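Contents: one structure, followed by commentary.
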Amino acid sequence: MKFDRHRRLRSSKTMRDLVRETHVRKEDLIYPIFVVEQDDIKSEIKSLPGIYQISLNLLHEEIKEAYDLGIRAIMFFGVPNDKDDIGSGAYDHNGVVQEATRISKNLYKDLLIVADTCLCEYTDHGHCGVIDDHTHDVDNDKSLPLLVKTAISQVEAGADIIAPSNMMDGFVAEIREGLDQAGYQNIPIMSYGIKYASSFFGPFRDAADSAPSFGDRKTYQMDPANRLEALRELESDLKEGCDMMIVKPSLSYLDIIRDVKNNTNVPVVAYNVSGEYSMTKAAALNGWIDEEKIVMEQMISMKRAGADLIITYFAKDICRYLDK
């Protein structure tokens, strides 16, 4: 009986490495860091084991560790002391993320800073924009100018990439126009344009103190049941001028990553979100899984689905795995 012998190409590790189709590299990784304004704080986030809220005066230690491991792109999330109803801390020249950006750039000029451009960490109500007094929903068009101000302040501080994440309609177009008018035509936009209203975001909201004080975000983030909607969001953001596209979350949305990859030539970014990280960490800490093997399999799955880059809290761990 004649049959195909697929095992020929699996006969040894060297052979398997030779024909491997998908690879994870340090250059693919973006590392998120939570920064706080108070001094002398390095506080582990209970729902994100191994991830910390870090003071500005201690930030250099975290940046140096990440850089020495081979990480060359980071993303800051600010935890400010004071919040208000319009998120003014987001576009404060001396805001916590702006200061973190300056510190990092003074340490390593070649370290890429990806700026998460949103208001939720800075609003006292925890929503991602200005609240309309009548509808009690986020006012899309009134929120856009504040996003533009935030993006410009982040670039002025040294950010290399703007990543708007509040899912307002038209946010890419408005930010692109604002950056261009301010003389920042060469700053790329990494859009969070495909961001689902996911339950996997829970630990992040603990870390950034950004949970909504009322309602939810389902009027501006996407329904997890929808697939075609992602392509509509992609089409809009490409027309508006985005240079890279984020899919968030990632592991439960690998089909969406593949759809996006099949329908664009811009880099696709998978956000391996807090809930995905925490589930894996919890299982590993209980001895139920082999953390290294599971994490690398998860990263491979995102790359195989079509992701070019991965935002992940596992970034430092992955660098250590790759160094073995």
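Think of each number as a place in line: the chain as shown, counted from 1.
Backbone N, Cα and C define each Cβ position, glycine as well.
In the three-state DSSP reading, Cys128 (Zn(2+) binding site) counts as coil. Annotation comment: Swiss-Prot describes Cys118, Cys120, Cys128 as Zn(2+) binding site, evidence class similarity to another entry.
Neighbour list (Lys195 (active site, schiff-base intermediate with substrate), Cβ cut-off 8 Å, at least 6 residues apart, same chain): Ser165, Met167, Gln221, Met222, Ile246, Lys248. Marked as active site, schiff-base intermediate with substrate by Swiss-Prot on the basis of similarity to another entry: Lys195 (among others).
Annotation comment: Swiss-Prot describes Arg205, Arg217 as 5-aminolevulinate 1 binding site, evidence class similarity to another entry.
Mapped onto three states, the DSSP output places Glu233 (Mg(2+) binding site) in helix. Annotation source Swiss-Prot lists Mg(2+) binding site at Glu233, citing similarity to another entry.
Residues annotated as active site, schiff-base intermediate with substrate in Swiss-Prot, with similarity to another entry given as evidence: Lys248 (among others). Secondary structure at Lys248 (active site, schiff-base intermediate with substrate), taken from DSSP and collapsed to helix, strand or coil, is strand.
Marked as 5-aminolevulinate 2 binding site by Swiss-Prot: Ser274, Tyr313. There are 24 other CB atoms within 10 A of the CB of Ser274 (5-aminolevulinate 2 binding site), with all protein chains counted.
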From the Cα of Tyr313 (5-aminolevulinate 2 binding site) across to the Cα of Cys118 (Zn(2+) binding site), what is the distance in angstrom?
19
Which binding-site residues sit within 10 Å of Cys128 (Zn(2+) binding site) - Cα, from Glu233, Ser274, Tyr313:
none
At the level of the C-alpha atoms, what whole-angstrom distance separates Tyr313 (5-aminolevulinate 2 binding site) and Cys120 (Zn(2+) binding site)?
20
Near Lys248 (active site, schiff-base intermediate with substrate), how many other Cβ atoms are within 10 Å of its Cβ?
24
